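Asker: Once you've had a glance at the structure underneath, I'll fire off some questions.
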Amino acid sequence: MTNTPKTAESSVAQASDNAAENTTEEATGRRVRILSARSAGILALVLAAVVFAIDQGTKYLVVTQMQLGERITVIDGLLWWYSIRNSGAAFSMGENVTWVFTLVMVAAAAVVLYLLRRTRALSWTLALGGLLGGICGNLFDRLFREPGFGSGHVVDFISVPNFAIFNIADSAICVCMAFIVLLNFKGLNLNGTRVQAPADETPADDKSTDEKSAK
């Protein structure tokens, strides 16, 4: 017996997977980097882990090195480290419904994980990976910090003029959400394809040319 056919099939499948990872779309003159399912998943999880680690690392320093309510000037008049605990959502909103926000974050993390299973575009992979890291950073606080499981208070410490006090996870969530809005505005799908205009829509100039030709 010989395994040559199966070996050949495996080689072809591997070559196809490698080709898929390097595919670019140029239909609109803009190139889109396409990843394999494996590469997209790994990249997103690594990015999420990095964001989570930075968020929790900075919070650990705040909790262990600063007193609650302590304020340290970083750039006079522009930036302070201000140690507070937030029972609400991002930027201290909804402080009386902590459990609701905990459940919302769990649902949001599940949705992001679901979308990542369908994601192939590098830009979407980065946006969703960073978003997942930010969500998990604040969700960890909700689940494991005082006063109790599911109702924990989030550590906030970045203070700037005329703005709510926030943390690294809040920043990641906001930046990645803005990026996602931009990707949708540009018509880029999760798999790297672009939203196409309906086939029956013909540019006005082409219609005029067709009418003149008919006459």
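Any Cβ shown, glycine's included, is placed from N, Cα and C.
Note that the structure is predicted; figures quoted are calculated from it, not measured.
As listed in TrEMBL for this protein:
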ACT_SITE  D156  active site
ACT_SITE  D170  active site
REGION    1-24  region 'Disordered'
TRANSMEM  35-54  transmembrane segment
TRANSMEM  97-116  transmembrane segment
TRANSMEM  121-140  transmembrane segment
TRANSMEM  160-185  transmembrane segment
Asker: If one measures from the C-alpha of D156 (active site) to the C-alpha of D170 (active site), what distance in angstrom results, rounded to a whole number?
Answerer: 9
Asker: According to DSSP, which of helix, strand or coil covers D156 (active site)?
Answerer: strand
Asker: State the non-local partners of the transmembrane segment (97-116) in its own chain: residues 6+ outside its ends, Cβ under 8 Å from one of its Cβ atoms.
Answerer: 40-41, 44, 87-89, 124-125, 128-129, 131-132, 135-136, 138-139, 142-143, 150-153, 190
Asker: Counting across all protein chains shown, how many other Cβ atoms sit within 10 Å of the Cβ of D170 (active site)?
Answerer: 23
Asker: Helix, strand or coil for D170 (active site)? Use DSSP.
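Answerer: Its secondary structure by DSSP: helix.
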Asker: Take the Cβ of D156 (active site) and count every other Cβ within 10 Å, whichever protein chain it belongs to.
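Answerer: Counting Cβ neighbours of D156 (active site) within 10 Å gives 25.
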